[in-house]
Every structure is written in C-alpha cells, then in structure tokens.
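Student: I'd like to ask you about the structure that follows.
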Amino acid sequence: MGKGKKRARSGPPGSTNHPSNRYSDNPPDFAVLASLYPSFKPFVFFSGARPRIDWTDYNATRELTRILLLHDHSLNWWIPDGQLCPTVPNRSNYIHWINDLLSSEIIPSCSGSKVKGFDIGTGANCIYPLLGASLFGWIFVASDVTAVALEWAAKNVQSNPHISDLIEIRDSKPLPDHSSESHVPEVVDRESQKHSSQTIPAEETTTLHSDSLDDVNKSYMGPPILLGVVKENETFDFCMSNPPFFETFGEAGLNPKTSCGGTPEEMVCNGGEQAFVTRIIQDSIILRQRFRWYTSMLGKKANLKLLISKLWEVGVTVVKTTEFVQGQTSRWGLAWSFIPTARKIISPPVAKKSISSFMLEGITRQYSAADVLQSVEEFFKSCGASCKLNSSTFSVDIVASSDQCNIISKNGIRDVETVRSHGYEKQSLDSSSLQVPEDNLSFRILVFQQMPGTLLIKGSLQQKDSPLSGLFSVVFCSLEESMKSKFCR
Ligand SMILES: C[S@@+](CC[C@H](N)C(=O)[O-])C[C@H]1O[C@@H](n2cnc3c(N)ncnc32)[C@H](O)[C@@H]1O
C-alpha cells in the first residue's frame with residue numbers, strides 16, 4: 001500500500017473487503033439470518049443490542065458458511081466435521097481480485113470464450129469453484145489429493161445442478177504405476193497416461209532443476225500440482241490456490257479467536273507455502289502461456305517478497321500483488337504471467353531530474369551503510385539490471401534496460417496494494433502514461449553516512465539532460481520506497 005494511503009475498511013470490524021464483494025457494505029446480519037434459518041438460531045446470541053456468534057465454535061462457523069452460501073448465493077453446501085471451513089466474505093475477495101486481473105487488460109484478453117480456471121487444492125469445501133461459477137459463470141477444474149476432499153468437493157458440486165456442468169473435480173495424485181515418479185515434472189495427458197507420457201524435453205528439465213529456485217527454497221516433495229495434472233492441450237485463464245501454509249501442524253496452531261477446522265492434510269506440506277508456491281512457479285516455467293494468470297494466496301509477507309524476486313528471475317512479464325485482511329489476519333495474493341503485457345507503460349510522468357536524493361532516517365541498529373549499499377545492488381539486480389558495487393566509494397553503478405526499469409517502476413519490488421487500491425489498473429490504462437524508450441539507462445547510486453542511524457542516498461543519471469530522466473526519477477522513487485520499508489523504523 002502506498003505511503004499515506006489509509007486502508008479502507010468496511011463491513012465487519014477488522015475486515016477489508018473488495019468493493020465488489022457483496023459483504024463490503026453489508027456485513028451479514030445474524031439476527032435476520034437467525035429468523036430466516038431456524039438451524040442457525042441456536043448459534044446466535046446477543047451482546048448488548050448486537051447479535052453475535054461464537055467464532056470459536058466450529059459448528060457455528062460452519063452453519064454460518066452454509067446459510068450464507070444458501071441465502072446469498074443459492075448454493076447448497078456442507079462439509080464433514082473437522083474439514084477446513086471457509087469464511088464466505090474472505091474467500092469472495094480472492095475471486096473478485098481474479099476477476100479484476102482478468103478484466104484489467106494488463107495482458108490481452110481472449111474475448112468470446114468462457115473464462116476457465118484451475119483451483120489447486122479445492123478442499124472438501126470446493127469454495128472457490130462454487131463462488132466463481134455462481135458469481136461469474138466461470139468453468140473450473142478443481143484439484144485435490146485427499147479422498148475426503150475429492151469425495152466432498154464432488155458432493156458439493158452435485159448438490160448444485162445449476163452449475164454442476166461448470167466444475168470438474170480432478171485427482172492430482174499420479175496413477176499408481178507412476179507413483180514413484182510423482183516428483184518428476186511431466187506434462188501428461190492423464191486420459192492417455194496409460195499409453196504414453198510426454199516427458200519434458202531434457203533441456204527444459206535441466207533448466208528447471210538447475211534453476212536457482214531450487215537452491216534457496218525449501219523443496220516441495222508432494223504430489224504433482226499443475227504439471228502432470230493439467231492435460232495436454234488444456235489452457236486456462238487462471239489458476240488459484242489457497243495452499244497448505246504450514247510446515248508442521250504445530251505451526252498451523254489454532255487461532256484461539258476463531259474455529260475454522262482444518263486437518264493436517266489441508267494445512268501442512270513439506271516446506272510449507274514457500275515450497276508449494278515455488279513448485280507452482282516451477283510448473284509455470286514449463287506451462288508458460290497455457291495459463292494467462294498464475295495466482296496463489298500466501299500467509300507470510302516474507303514469502304511474498306522472496307517469491308516476487310524469484311518470479312523476475314524466471315522471466316515473467318508481470319507480477320501483481322494484493323492484501324486480503326480479515327480480522328487480525330492478513331493474507332497476500334500473488335499473480336504472475338508469461339504473456340507479454342498489452343502495452344509497455346510506466347507510471348505517470350514525474351518531475352524530470354538527473355540527480356535525485358533521499359534520506360534514510362531511523363535506520364534500525366543492526367544495519368550498516370554497507371548493508372544498505374548491498375541492498376541497493378540487490379534491488380536492481382533482482383530485475384536483471386547489471387550492477388557494479390564499489391565498496392570503497394560506497395557506490396553502485398547500474399545499467400538497466402527500459403524493460404527492466406519498467407519492471408521496477410510499474411510492479412517492481414513495490415509493496416502490496418490493498419484490494420481497494422486497484423492502482424495497477426489505473427497505471428496501466430491511464431492515458432497520460434509514458435511510453436518507455438528503448439535505450440538503456442545508466443546511473444550511479446551513492447550512499448553517504450550523515451550521522452548514526454541516518455544515510456543520504458543520492459542517484460545521478462550518467463546521461464545528463466537525457467530524455468530518459470523522467471524514467472530515472474520513477475525508478476529512484478521505487479528505490480526510496482523499498483529502502484525505507486526495509487531499513488527504517
Ligand atoms: C488450505 S486447503 C484449501 C482448501 C480450500 N481451497 C479453501 O480455500 O478452503 C489446501 C488444500 O490443498 C490440498 N492439496 C495439498 N497438496 C495438493 C496438491 N499437490 N494438489 C492439489 N491439492 C493439494 C489439500 O488436500 C487441501 O485440501
């Protein structure tokens with residue numbers, strides 16, 4: 001979220017809902033719902049004049065989800081005891097964000113055909129396909145690996161004949177004769193799997209496994225996620241995932257303020273969400289444009305930053321993020337694509353200068369000027385710019401192409417936008433946007449110690465009076481934003 005922007009809040013206290021989310025301005029009225037649905041009535045009590053439910057009671061949260069889906073979405077729904085119980089307003093936010101991405105025209109749309117999505121790990125609740133199909137008429141492949149999820153997701157689809165044709169439930173586990181190869185990424189047509197399997201060409205698997213993604217990230221050891229599950233010739237407008245966030249069930253803990261259930265199979269995987277989403281990225285490197293948008297939810301902001309820089313390394317054309325806030329909990333949405341963006345544009349022009357500077361004040365004790373210098377280098381390297389760090393002059397010389405500058409300034413290592421901000425759409429479609437010139441930009445960043453805890457960061461464009469100075473200013477603003485969020489209290 002940009003500096004100075006307040007998070008817009010509406011609906012229940014502590015929630016930030018997407019403006020198109022029906023609960024944004026109309027939080028569920030428990031008293032009305034209790035009067036309409038006798039099965040919900042026992043869970044509603046009054047605290048003063050306000051009707052409430054006990055959020056720590058699983059039966060209460062499950063019944064609330066059931067009647068919200070019925071009352072507001074005409075959906076019949078149920079899950080067995082203990083299975084992860086979704087909150088409808090929260091899950092609706094992700095669906096609306098995807099709808100924003102699809103209609104943003106950041107990447108060209110495929111007009112005419114029905115939107116087709118892939119829900120990775122749909123759970124017994126099958127919530128995303130049910131909402132996506134009923135709200136927008138989207139078609140879904142909904143995958144999972146546990147018997148209970150596959151059985152109940154199918155039941156939830158069959159209970160809704162008006163949309164049942166739109167949702168296919170698919171088992172992600174490899175067929176038994178291929179179980180020993182489950183970790184090997186393959187593009188497989190599961191229909192014809194018994195006869196042949198189309199293995200990724202050697203050079204592609206080499207790229208995949210030698211990729212730096214494997215070095216720094218925890219490894220995912222589980223069943224296939226996209227590769228080996230997506231059929232030959234299948235294409236999708238998007239994939240989405242609410243992944244198993246945690247590495248251990250202990251880490252998953254139980255939020256004492258709510259009870260949403262969730263079994264270890266649903267909440268935990270080897271390496272947690274970092275490993276799971278890294279595998280989705282690896283799969284996307286192979287599947288590339290067969291999905292218009294790859295997306296996932298994340299539970300840890302640190303993972304968001306790490307995965308964003310990985311995405312730039314593997315050559316995506318665009319990265320988008322958002323924040324979902326529900327009560328005390330924040331979740332982040334991460335989206336990327338390999339499809340060329342519709343137009344090469346950057347944020348609206350800002351003052352053109354060949355020298356810029358900003359102060360880093362209140363730097364936390366553990367960081368030195370050398371750390372900041374190194375971080376400046378990493379900032380530009382992460383988008384592919386070439387950098388030369390000189391530790392005696394405390395400077396970094398940078399040469400960045402217009403595409404790399406575009407990455408930094410448009411999406412860059414920028415922090416998340418809230419679901420309310422929608423800044424990217426405006427940026428991308430704003431008629432005052434600047435066409436990025438083809439030439440490279442060459443500049444130097446210097447770090448000066450002013451006093452303990454304060455540094456001056458100065459940037460100077462090597463091509464004085466360059467027509468690219470506006471672009472330089474935009475890039476420099478992104479650097480300032482990133483350094484301040486990283487080093488300042
Ligand atoms: C946190 S739950 C999400 C369930 C549901 N989408 C929701 O939002 O409530 C994660 C789900 O991913 C499933 N899962 C784990 N590994 C998977 C894989 N390789 N492919 C598909 N689903 C997987 C789990 O069984 C579980 O149902």
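Cβ coordinates are placed from backbone N, Cα and C, and glycine is handled just like the others.
So TrEMBL lists these for the protein:
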- Arg91, Gly121, Asp144, Asn242: S-adenosyl-L-methionine binding site (BINDING)
- 13-24: compositional bias 'Polar residues' (COMPBIAS)
- 172-194: compositional bias 'Basic and acidic residues' (COMPBIAS)
- 195-208: compositional bias 'Polar residues' (COMPBIAS)
- 1-24: region 'Disordered' (REGION)
- 172-208: region 'Disordered' (REGION)
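Context for these features, please: burial, neighbours, distances.
Tutor: Counting only same-chain residues at least 6 apart in sequence, those with a Cβ under 8 Å from the Cβ of Arg91 (S-adenosyl-L-methionine binding site) are Ile127, Tyr128, Leu131, Asn242.
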Student: Reduce the DSSP letter at Gly121 (S-adenosyl-L-methionine binding site) to three states and note it down.
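Tutor: Gly121 (S-adenosyl-L-methionine binding site) sits in coil per DSSP, no helix or strand.
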Student: Using DSSP reduced to three states, classify Asn242 (S-adenosyl-L-methionine binding site) as helix, strand or coil.
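Tutor: Asn242 (S-adenosyl-L-methionine binding site) sits in coil per DSSP, no helix or strand.
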Student: Long-range same-chain neighbours of Gly121 (S-adenosyl-L-methionine binding site), Cβ under 8 Å, sequence gap at least 6?
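Tutor: Listed in sequence order, they are Ser143, Asp144, Val145, Ala149, Ser241, Asn242, Pro243, Pro244, Glu266.
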Student: Please give me the CB contact count at 10 A for Asn242 (S-adenosyl-L-methionine binding site), counting all chains in the structure.
Tutor: 25
